[in-house]
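Once you've had a glance at the structure underneath, I'll fire off some questions.
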Amino acid sequence: LRCGMRTTKCQLLATSLCVMLLGLSIATLSTVIHYGIHFTLISDISLESNSYRVIHYTAFYFGICLSMTLILAALLSSAATVRESQGLFAMGFFCFALAFCGLIPAAFWRYTHSMEVEDSMMDVYDLVYEEVRRNVSSFRRHELTAIHEAFLCCGKRSPFGGTTSVEQKMCPPGQAHNMGQDCLQEIQVFLKKHMDFISVLLGVTIGFTVYGMILTSFFCFSIHFSSNLDRKGKYILR
């Protein structure tokens, strides 16, 4: 029994270490999404009616809160394993459960609203592109050039073929429309890579969180019942 408990403790310590690394990964990813040139550029250009700016800030703050919860759960579980404290195990279980309650809606939102993020980013580019094409605003030319440089793309493909004045004026030399990459397609590819990485990260984190909940609850109940068995049958001298 002692060997089994010792093995379970090692498993909990290893799980806590993995959860801490996953929490740091989520915090890093949230920071990259928030301060990355591709995302901040689209967020700064987007209008108030566009939902991307809300998604941009919500994802950052949610990711930071989730990472802090995971790191706290890992620290409490490690401390509880070393001290064999029932209270620390209960607090660790609560943090794991709180993180699990945040991970499930995040995973559900990723699979149900991924097209909303993609459409909102493409709407921003369409808006800038059309305003430059109609010569509505000269400031939009700088924004369009910044998008082309960030995504390494050039305009968007026309169903009729050929290039417009936008591609001829706003694309870098040697990157004509037929030679350059379509910006809408590049935005899709760029976003898909990040969404796939987020899906894998969420799936792995959910698995370790559930395993952490099982281990912390097991130790919490084990300490509770073992303390009751130790007191059972003993006489107290008054």
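Cβ atoms are placed via backbone N, Cα and C, with glycine included.
For reference, TrEMBL lists these features for the protein:
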TRANSMEM  12-37  transmembrane segment
TRANSMEM  57-76  transmembrane segment
TRANSMEM  88-111  transmembrane segment
DISULFID  Cys153-Cys183  disulfide bond
DISULFID  Cys154-Cys171  disulfide bond
TRANSMEM  197-225  transmembrane segment
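Walk me through the surroundings of each of these features.
Packing against the transmembrane segment (12-37) from elsewhere in the chain are residues 56-57, 59-60, 62-64, 66-71, 73-75, 77-78, 81, 96, 150, 194, 197-198, 201, 204-205, 208-209, 211-212, 215-216, 219: each is 6 or more residues past its ends and has a CB under 8 Å from a CB in it.
Taking Cβ pairs closer than 8 Å, the transmembrane segment (88-111) reaches residues 19, 62, 65-66, 69-70, 72-73, 76-77, 79-80, 195, 198-199, 202-203, 205-206, 209-210, 212-213, 216-217, 219-220, 223 in its own chain, all 6 or more past its ends.
Other Cβ atoms within 10 Å of the Cβ of Cys154 (disulfide bond) number 22 in total over all chains.
Same-chain residues lying 6 or more positions outside the transmembrane segment (197-225) and placing a CB less than 8 Å from one of its CB atoms are 5, 8-9, 11-12, 15-16, 18-19, 22, 25-26, 29, 70, 73-74, 77, 80-81, 84-86, 89-90, 92-93, 96-97, 99-100, 103-104, 106-107, 110-111.
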Using Cβ atoms and a strict cutoff of less than 8 Å, what residues sit near the transmembrane segment (57-76) while being 6 or more residues removed from its termini?
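Distant Cβ neighbours of the transmembrane segment (57-76) are 16-17, 19-20, 22-24, 26-27, 29-31, 33-34, 43, 88, 91-92, 95-96, 98-99, 102-103, 106, 205, 209, 212.
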Counting other CB atoms within 10 A of each CB, which of the disulfide-bonded residues Cys153, Cys183 comes out lowest?
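Lowest Cβ count within 10 Å among the disulfide-bonded residues (Cys153, Cys183) is Cys153.
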Between the Cα atoms of Cys154 (disulfide bond) and Cys183 (disulfide bond), find the distance and write it as a whole number of Å.
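Counting only the Cα atoms, the answer is 6 Å.
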